[in-house]
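For reference, TrEMBL has these:
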TRANSMEM  B:59-92  transmembrane segment
TRANSMEM  B:104-125  transmembrane segment
TRANSMEM  B:137-159  transmembrane segment
TRANSMEM  B:179-206  transmembrane segment
TRANSMEM  B:237-260  transmembrane segment
TRANSMEM  B:266-284  transmembrane segment
TRANSMEM  B:291-310  transmembrane segment
TRANSMEM  B:316-332  transmembrane segment
Amino acid sequence: MSISDENVILRAEDICMVFPGTKALDHVTYKVYQGAVNVIIGENGAGKSTLMKIISGVQSPTHGQLYLKGEKVHITGPRSAAQHGIGMVHQELNLSENLTVAENLFLGREQQKGISPIDERHQNTIAKQTMARLKQNIAPNELVANLKVGQKQLVEIAKSLIADVDILILDEPTSALSKKEVQVLFEVINDLTQQGVSIVYISHRLEELMEIGQYITILRDGKFQSEAMVKDIDVAWIVREMLGSEPVTNFLTADRSFGEVVLQASHINLINEAEVTLVDDVSFSLRAGEIVGIYGLMGAGRTELFECLLGKERFSGEFTLDKQKVNTHMSTSERIKMGLGLVPEDRKQSGIFPISSVANNLSMSSLWKRLKGLAINEVSEKEAVTKTIDELSIKVSSPQVEIQALSGGNQQKVVIGRALLTEPKVLLLDEPTRGIDIGAKGDVFEMMVKLSEQGIGILFSTSDLKEIMAVSDRILVMSNGKLTADLMRDETNESQLVHASAQGF
Amino acid sequence: MNIKNNNHVLRSGNLGLILLKMRTFIALFIILGFFSLTVDGFLAPASLIIMIKHISINAFLALGITFVIITAGIDLSIGATLGFCGMVAGYLISHGLVIEPLGIAIFPSVWVVVPVVIIIGGFIGAINGFIITRYKVAPFICTLGTMYIIRGAAMLLSGGETFAGLQGNPELGNTGFDAIGSGYLFGLPIAIWLMFIMAGVIAYIAKKLPFGRHVYAIGDNEKAAELSGIKVNNVKVWVYTIAGICAAIAGIVVTSQLVASHPATGTTFEMNAIAAVVLGGTSLAGGRGTITGTLIGAFVIGILADGLVMMGVSEFWQMVIKGVVIIIAVIIDQMQNKMQYKAAIGSQKAVC
């Protein structure tokens, strides 16, 4: 497959990026083609974001060189990237909700001199022109807070356009958009490429890439994997290139046996305050000793489904836990006592008690199990803590150490230990391997298998195809709040899962 | 297995950190030493007892508000609650419970007045907690509002006048109120006993009951607390209730000591209480703090105030000195947190 090099506007040559302990990028050479949509794809940790951060000036590479239109350039920061015509729209929007569209567009580069007031008329005119370029009829003095998510995304793009970009990097721009908003965004992208802007497009949604992309680059484990014209390839090829041909590690033994159904979900619906359906008529079951993985992209509704099970979300439908119904208005503590254990997705935000000791972190959910009269039975608590630290091989100098001093993997083990001490029948793990290193990932998987062999039903979620294939007995796929597949692992493959993860729209 | 090698880490570990941890205690001794050298008879039992009696009022408030601050909240209304509860006690003793349609007044005995006033204090706290949890009002704003309401209500009770002569009337059977403030038990004033008992009870709650753990957990990470099955709102309501109860007890003791209640009593007392809590090492960001620390903090502030008076330092300089001490204490607190974190990281490295 040969692609002519004449249209290359930006070439990143032989880029290496070394972080303490890991090599995020390993001699990667990457090309951006002029006036085209350049798709870049890879699994989590493949190095996409690091590469984009280098191009947009957020980080400097350990080794390597950038060439813009054939000339060497040194990009020292986001400002210098902007001067070279490179702009980036991050996945999380960086808008000030309390300011107007025009004020946001000109934030940090207000049209004003000395102590004269800001030239709002001029700003508004330019803002209006820019929005017109995006075919949007958004008033420049509209508050950003009043805009829909899709419109905010476009305001972000407008912000880059005002700075005269040649290369616009879009990091997962569609993860929060509705189908219709995605179409609007695609039209905008097509217009922009016709105006000569080169787009770098990062996304996990393969079907989308096939629709919008012209060139595709695949990274794997920090290395350049392959490059192709999108018209020459198909989804199966992408999955193959992305995951590699080496067999997936299997943590499960051949003879797995399951017990009774412990968790039954029927017709779960969740609609948020903005009347967006987050979980859409989801039904499934989980048996004792079974590991069920939920695969889905960001925003597919996995976390929301977990929140229905253990959080405060007011869902409709019915959960049955070990033949007992779970009501909407049951408190979290009642659900924990019934036998649900949760390991939340964002460990820092909702998992650990950072300045509390490892011991207190472990025993917090199960204090009701260790009462002597009204007081905590310290002997039994100490025993439980020591036993859990041993069993989960948590590496800690003393149970009294503050948990924030531990590594991510060990913190995660503590959070899992906390859920286990409540002796759950069903353990929910939301993205259990997020932000922990490969060794600790293996530990967590082995722990999951061990627990399932003790008869605990395990439901976990991930957006990593390799992980889901490594450790699930059965795989559910969620997309746009809907359940789009319920497959035994032996009877499926990665392409099928990717396909199902785009079906919910 | 992993735990054994811990001891030498601690031993070789920082003497500095231990000193930092003990800093409020050390500060207390420095202040005591300084005043005993500069003020004649400073350490005489009689003057010490008077000082501790002064301290006890602030200690009641500070002990009560410690839990609130550990949950990362604040309660500005405790000073007003103190004043209001004192006024209610004064009213019940001097005017009785007037039932107008019947044209009679019932004079409850002290054994009724005291529990009633404590319940009222707890109720005020519970209302604070309810507003804060149910309507998601920031604790600072909510208790600022209730502070004005309660202070106003105290003024309204007497039209701004003082209820004086609260010894009670033997004919009405409501005597003995003044004994709380001036009485002695085993050679020590009752107020001092009350202070230590209250500190003991609250320390027990903090250390031994699940409730105490929940308080720390909420201050550390509220979202995680919620997901760990802690009834965050219930705990918070109770925390403010405890603050209200403690303020009511302080109000009773003050009123009884003065044998009179004035509606402006306790104005800005909440600031002294917050200062004591912070001096004792409790973090306003939540999650960190001890009851013993608060008690020592109250002693430092109280002894500093009384000592400076005995030295003859002007009231204006006293204020300046108090402010400087508070700010230094908080700066040292930040240093300790940093050092503690570093020490923990260090001992972890030894394991991994």
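Heads up, the Cβ atoms here are built off N, Cα and C, so glycines get one too.
The structure displayed is predicted, hence computed values, not measured ones.
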Does the transmembrane segment (B:266-284) reach the transmembrane segment (B:59-92), going by 3 or more CB pairs under 8 Å (6 or more apart in sequence)?
-> yes
Among B:137-159, B:179-206, B:237-260, the stretch with the most Cβ pairs under 8 Å to the transmembrane segment (B:104-125) is B:237-260
Which listed stretch (B:179-206, B:237-260, B:291-310, B:316-332) has the most C-beta pairs under 8 A with the transmembrane segment (B:59-92)?
-> B:237-260
So which residues does the transmembrane segment (B:237-260) touch in its own chain, when a touch means Cβ under 8 Å and the partner is 6 or more beyond its ends?
-> 53, 56-57, 60-61, 63-65, 67-68, 71, 73, 75, 78-79, 81-86, 89-90, 114, 117-118, 120-126, 128-130, 132-133, 162-167, 177-182, 191, 194, 198, 202, 211, 215, 266, 269
Spatial neighbours of the transmembrane segment (B:179-206) far in sequence, C-beta under 8 Å, 6+ residues away = 49, 52-53, 55-57, 59-60, 63-64, 66-67, 114, 212, 215-216, 242, 246, 249, 252-259, 290-292, 295
